[in-house]
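Q: Can you read through this structure? Questions will come right after.
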Amino acid sequence: MSAWLDEIRWTADGLVPVVAQEAGTGQVLMVAWMNREALALTAAEGYAVYWSRSRGRLWRKGEESGHRQKVLEIRIDCDEDVVLLKVEQAGGIACHTGRHHCFYRVLQDGRWVTVEPVLKPPDSIYGA
């Protein structure tokens, strides 16, 4: 039943990078990590579950904010070492900064420039 998990080339730490892509637009929303349990739960539950390296625990996307990611499709790349999730993003906010996606800065003239607006201030999402 879990043979498909054995096909993934996990890092030495037992993780795999995961790209979350908005299914309707193709926009890359975020990049995170999963361990074997997180990927199995994601497939079973139909909602994104990641591994938080900073907290050292499973993290269900949207568990605090309500901005869950409904997983429509799970793909693996040709090298079997990156996972792609095609998702529907609840609330239109994927980034903890209150933006639609995490890639809101662009390199311009040797410096990072913010080019995407905050849709909802983080303190109103997570509390002060």
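Quick reminder: no glycine exception, Cβ is built from N, Cα and C everywhere.
So Swiss-Prot has the following annotated:
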type: BINDING; residues: Asp77, Asp79, Asp81; note: Mg(2+) binding site
type: BINDING; residues: Cys78, Cys95, Cys102; note: Zn(2+) binding site
Q: Could you tell me which three-state DSSP class Asp77 (Mg(2+) binding site) falls into?
A: coil
Q: Which state, by DSSP, holds Cys102 (Zn(2+) binding site): helix, strand or coil?
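A: SS state of Cys102 (Zn(2+) binding site) = coil.
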Q: Are there any residues at least 6 positions away along the chain from Cys95 (Zn(2+) binding site) with a Cβ closer than 8 Å to its Cβ? List them or say none.
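A: Counting only residues 6 or more apart in sequence, the Cβ neighbours of Cys95 (Zn(2+) binding site) under 8 Å are Leu29, Met30, His101, Cys102, Tyr104.
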Q: Including all protein chains shown, what's the count of other C-beta atoms within 10 A of the C-beta of Asp79 (Mg(2+) binding site)?
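A: Step by step: centre on the Cβ of Asp79 (Mg(2+) binding site), count other Cβ atoms within 10 Å, giving 7.
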Q: Using a Cβ-Cβ cut-off under 8 angstroms and a sequence gap of six or more, which residues of the chain neighbour Asp81 (Mg(2+) binding site)?
A: Ile8, Arg9, Val16, Pro17
Q: State which of the following binding-site residues has the fewest other Cβ atoms within 10 Å around its Cβ: Cys78, Cys102.
A: Cys78
